Amino acid sequence: MSPMDLQESAAALVRQLGERVEDRRGFGFMSPAIYDTAWVSMISKTIDDQKTWLFAECFQYILSHQLEDGGWAMYASEIDAILNTSASLLSLKRHLSNPYQITSITQEDLSARINRAQNALQKLLNEWNVDSTLHVGFEILVPALLRYLEDEGIAFAFSGRERLLEIEKQKLSKFKAQYLYLPIKVTALHSLEAFIGAIEFDKVSHHKVSGAFMASPSSTAAYMMHATQWDDECEDYLRHVIAHASGKGSGGVPSAFPSTIFESVWPLSTLLKVGYDLNSAPFIEKIRSYLHDAYIAEKGILGFTPFVGADADDTATTILVLNLLNQPVSVDAMLKEFEEEHHFKTYSQERNPSFSANCNVLLALLYSQEPSLYSAQIEKAIRFLYKQFTDSEMDVRDKWNLSPYYSWMLMTQAITRLTTLQKTSKLSTLRDDSISKGLISLLFRIASTVVKDQKPGGSWGTRASKEETAYAVLILTYAFYLDEVTESLRHDIKIAIENGCSFLSERTMQSDSEWLWVEKVTYKSEVLSEAYILAALKRAADLPDENAEAAPVINGISTNGFEHTDRINGKLKVNGTNGTNGSHETNGINGTHEIEQINGVNGTNGHSDVPHDTNGWVEEPTAINETNGHYVNGTNHETPLTNGISNGDSVSVHTDHSDSYYQRSDWTADEEQILLGPFDYLESLPGKNMRSQLIQSFNTWLKVPTESLDVIIKVISMLHTASLLIDDIQDQSILRRGQPVAHSIFGTAQAMNSGNYVYFLALREVQKLQNPKAISIYVDSLIDLHRGQGMELFWRDSLMCPTEEQYLDMVANKTGGLFCLAIQLMQAEATIQVDFIPLVRLLGIIFQICDDYLNLKSTAYTDNKGLCEDLTEGKFSFPIIHSIRSNPGNRQLINILKQKPREDDIKRYALSYMESTNSFEYTRGVVRKLKTEAIDTIQGLEKHGLEENIGIRKILARMSLEL
């Protein structure tokens, strides 16, 4: 391929990603997995009173992929065949027991297939080396599958079983299945199928995101099979995966979908690190905005797709990509979440550290704006990686990719980048000089080994893999520039690269992608493979000619002997321009990031005297420089300038209106006071201050910055008081906090307008957080509040008694909604990634039920609001609902509600009737049960690593029925 062809191919790959990145369901290119497909095939549903296998196409996929020996595919590792065969055997057995609508296969044929599958699995288990297995979660998945098969009457004995159970015990020693009930994202959510019989699936529903559990079809299938209520959203998710994932309607599903972040940042980081100019590529801005928004929304730590739980790999590579795209972001949240004493962890409870994850964290630090700030962490990662190489005698085995060349490639890139920073004084040398020397020696050994490993046809890998060959070529292109490389080895490297590129350029019937990537089973991805191949071909094309004098290295790229860096590899200028975006040179060397590329145009061109906040762009005082479509200041918040006019800005024309008949006056403080009169009156009356205390208590865990916390406290106070103004009007209340309600003083219309006005003032306060997610949270919460209030008014005005469940749903929207708004805003501003909303909703329900009880029984309430105000308002509160539904044939209480009585005698009669139905005793029992559940949740959070929270316990204790 010519350089232009390579650039066009890279742009086409970016376009492929960008066209789908805004799909609300996400995208993914992971290959179909027999294992997950088998689990989805086992979902049944009752339709028109008939049990039906819901996804018959998945079962057909399983049948069509059974091998002659009775087993299923071993993509690249023996664990693939074990998991694929175990899950498929389980599916076959269950379809044999319950054929339902499946008529495409006879019982005899199915029985024969089961026998062959059983024999194949026994053979696989007998030959399995358990200790050599690295795949994610195998230690809990295989034992679980063996138990499920035993339940179906199929048992297996094999020599490695005892060792397998030891590893399972070790894995689960720090984990209890009940952790899944907590509002904390744990990796076990990706494998709920391993916990059938060990958990109540109804209690994990709060972890569902867009119809899936940690984007896993098999985990989602297990939930659908064992939850007591059918979930249409999960069904819709799986139908979408079957139709739109890599199986393309064949019935096959991947081990994860979507994987939008992972399969965006891996190709982009691969292309950007080798110098592809993607800033002008179609759709790059969509991807950059998507990634930056995800980074902000998830507070600096991300997973393979939004809101599935963060990992160091995806976090580091997203940060790397954003920095290379001139959207600088901080690494601080990543370090806080994943840094350990001697290495960086991928997830919170991983059994063994990942080599590649530590490489990616290291690369993110090395490409950060100021790598010198993270010298200690850089050295920590280097020490860990170097030790992994030396201890294993270069036999490094990673848990996410099966190819040794993948780990070597990442290490080579890291060493090259580290050396470049040290040579340019951007980073100090390592304190341990022996490691510094060892790294260069290591790179020399890696290069020598890679050259020797090349196959006669120019490929690398056991299967003549194009993707592995790309890894190897990339390694050699970095090693080529090493000063320590002898001329003889440099020549051999050049020949190996040329032969490798010839192999990569061959058009064959074989797919370029390879089964190298590790999930529950091994998978391949066409976009990952294409990115590595394009990267290898570009790095190779950028090598100097054989006859050129060896050149110094700038940012890992030879200047090919030219003294000035405006010529790279003999080519004058970049992109055919002398001045790009107002800078005088276009050598592609970014003074902030020092990207290893030859044709980037977004840097400071190495001018240290240019302020960092402009990234080298200099604007004239009275004229706007032409930007050629690139972004000023290097951020996606700036709008491209075309012909001197911002595409995103309107053109304002000054017109003199001094003689106009009407000129709008400024809004005055006196006018503001008129609108806020009812609000200020109610604010002046002392209340319980419960919400402010709740915020402070949760901040023990969330540790929100003071400036943000002050805004949130103000917003919640404003919104609470404004909603009370409206509530008092709609409930026709007389007293509020022992004083006349605001609308009895200011009038109904003025009080209502004041309440609505403050809703918008509160929204303006939320905007001060400068967090797009906070705006969405606020708007969604207002919608919930009005939904809750609307249903309560409907029941009252239509005299329809809701069920207890309907009432609690209303409370979750109304009272709980305001509680949740406070904590959701705090979570949006915090760095800790724990979902406290289930606990907050529980506290909101407890608070409201207690309030309902005290409204009818407390003398303090009588003083503040009148005796049994809920009866006077005709309101269906929790004890009233129970009493009415305890004896539906007795209409006395509902008729009293209809009258909205003000007479104390009638109210006392209603209370005595409610005593006769044991409604107050029932309410006390419900509160006790809910408070126990809340305490258990709080203790679970604390046991899971959060500090003891006395404040929340005090708030819970205050939610009392004591009169």
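From the backbone N, Cα and C atoms, a Cβ is placed for every residue, glycine too.
Swiss-Prot annotations:
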- 1-539: region 'Type II terpene cyclase (TC)' (REGION)
- 227-292: region 'Substrate binding' (REGION)
- ASP311, ASP314: Mg(2+) 2 binding site (BINDING)
- GLU337, PHE338, GLU339, GLU340, GLU341, VAL521, THR522: substrate binding site (BINDING)
- 540-659: region 'Linker' (REGION)
- 627-657: region 'Disordered' (REGION)
- 627-648: compositional bias 'Polar residues' (COMPBIAS)
- 660-963: region 'Geranylfarnesyl diphosphate synthase (PT)' (REGION)
- 727-731: motif 'DDXXD 1' (MOTIF)
- ASP727, ASP731: Mg(2+) 3 binding site (BINDING)
- ASP727, ASP731: Mg(2+) 4 binding site (BINDING)
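Across the residues annotated as binding substrate (GLU337, PHE338, GLU339, GLU340, GLU341, VAL521, THR522), the widest Cα-Cα separation comes to 31 Å.
The Cβ of GLU341 (substrate binding site) has 5 other Cβ atoms within 10 Å, all protein chains considered. For the pair formed by GLU339 (substrate binding site) and ASP311 (Mg(2+) 2 binding site), distance between Cα atoms is given as 12 Å, rounded to the nearest Å. DSSP gives ASP311 (Mg(2+) 2 binding site) a coil state; it is part of no helix or strand. Distance from the CA of ASP311 (Mg(2+) 2 binding site) to the CA of GLU341 (substrate binding site) is 17 Å. Residue counts for the motif 'DDXXD 1' (727-731) by DSSP state, with H, G and I taken as helix and E and B as strand, are 4 helix, 0 strand, 1 coil. Proximity note: of the listed binding-site residues (ASP311, ASP727, ASP731), ASP311 have a CA within 10 Å of the CA of PHE338 (substrate binding site), given in sequence order. Mean pLDDT of the predicted structure over the motif 'DDXXD 1' (727-731): 87. Rounded to the nearest whole angstrom, the C-alpha distance between THR522 (substrate binding site) and ASP731 (Mg(2+) 3 binding site) is 61.
The helix, strand and coil residue counts that DSSP assigns across the region 'Substrate binding' (227-292) are 34 helix, 1 strand, 31 coil. For the pair ASP311 (Mg(2+) 2 binding site) and GLU337 (substrate binding site), the Cα-Cα distance reads 9 Å. Checked against ASP731 (Mg(2+) 3 binding site), the binding-site residues ASP314, GLU337, GLU340, VAL521 differ in C-alpha distance, with GLU337 being the nearest.
Rounded to a whole number, the C-alpha distance linking GLU340 (substrate binding site) with ASP727 (Mg(2+) 3 binding site) is 51 angstrom.
The 10 Å shell around the Cβ of ASP727 (Mg(2+) 3 binding site) contains 18 further Cβ atoms across the protein chains shown. Non-local neighbourhood of VAL521 (substrate binding site): ALA33, ILE34, TYR35, TYR75, ILE79, ASP80, LEU83, ASN84, HIS135, SER255, each in the same chain, at least six residues away, with C-beta under 8 Å from its C-beta. Annotated pair ASP314 (Mg(2+) 2 binding site) and ASP727 (Mg(2+) 3 binding site), C-alpha to C-alpha distance, rounded: 47 Å.
When the binding-site residues ASP311, GLU337, GLU340 are compared by the number of other CB atoms within 10 angstroms of each CB, GLU340 has the fewest. Following the DSSP three-state reduction, the secondary structure of VAL521 (substrate binding site) is coil.
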